[in-house]
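What follows is a single structure, written as structure tokens, with notes after it.
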Amino acid sequence: MKLILASTSPYRKNILEKLCIPFSCASPSADETPMNNESANTLVARLAAEKALSVGVTQKGLIIGSDQVACVDGVILGKPGNKLKAFDQLTQLSGKTVTFFTGLSLLDSKTQRQETIVETFDVIFKSLSAKQISRYLELEEPYDCAGSFKSEGLGIALFSSLDGRDPNTLIGLPLIALVAMLKKFEIDVFEHMQ
């Protein structure tokens, strides 16, 4: 089995390493601009599938594509990119429930069989002061993360509760769903753990 993660994200790579199965990483190409009136669910499913397909053009094997966005009050939040936007995002999220949509796609590039699913995960934020938000951003600099936080780091202090079936989903790669998808492709991860 040749498993390829269609991602340059160090977070997704770290998550997949938890399974102790061999894999490589490849840089995908996909236009991440949402289409007109595209829902968060549809957007992440489309992008996860496109990322896997883009890598499948040049590489053979089972290719994992993934994409994630956060949604609050019906608005899709992407990666902030800088401190000012991150501050604005966290101010907007303060005291609210945020739903994270994570698209996961598995492509067999030899047969072109592809399955795509979307996992959701809810995060309930504490009411945060401007001082708390500024201090958090000073310490963690989560500018490359949807929602402007790292739940696997200091970001956990921003939340009052979490609700979802797999905490890895929140970081960007739903492992429980991935193991089930691999099984559908007749891959038992236990046989490949090293």
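A Cβ is built for glycine as well, from the same backbone N, Cα and C atoms used for every other residue.
In the three-state DSSP scheme, Asp67 (active site, proton acceptor) is classed as strand. Annotated active site, proton acceptor per Swiss-Prot: Asp67, in sequence order, evidence recorded as sequence analysis.
The local packing around Tyr11 (site 'Important for substrate specificity'), expressed as other Cβ atoms within 10 Å of its Cβ over all shown chains, amounts to 17. The feature site 'Important for substrate specificity' is assigned by Swiss-Prot to Tyr11 (among others), with sequence analysis given as support.
Annotation for Gln68 (site 'Important for substrate specificity'): same-chain Cβ neighbours under 8 Å, separated by at least 6 residues, are Val44, Phe100, Phe101, Thr102, Gly103, Ala146, Gly172. Residues annotated as site 'Important for substrate specificity' in Swiss-Prot, with sequence analysis given as evidence: Gln68 (among others).
Sequence annotations record features per position, and here Swiss-Prot assigns site 'Important for substrate specificity' to Glu152 (among others). Spatially close to Glu152 (site 'Important for substrate specificity') yet at least six residues away along the chain are Tyr11, Ile171, judged by Cβ distances under 8 angstroms.
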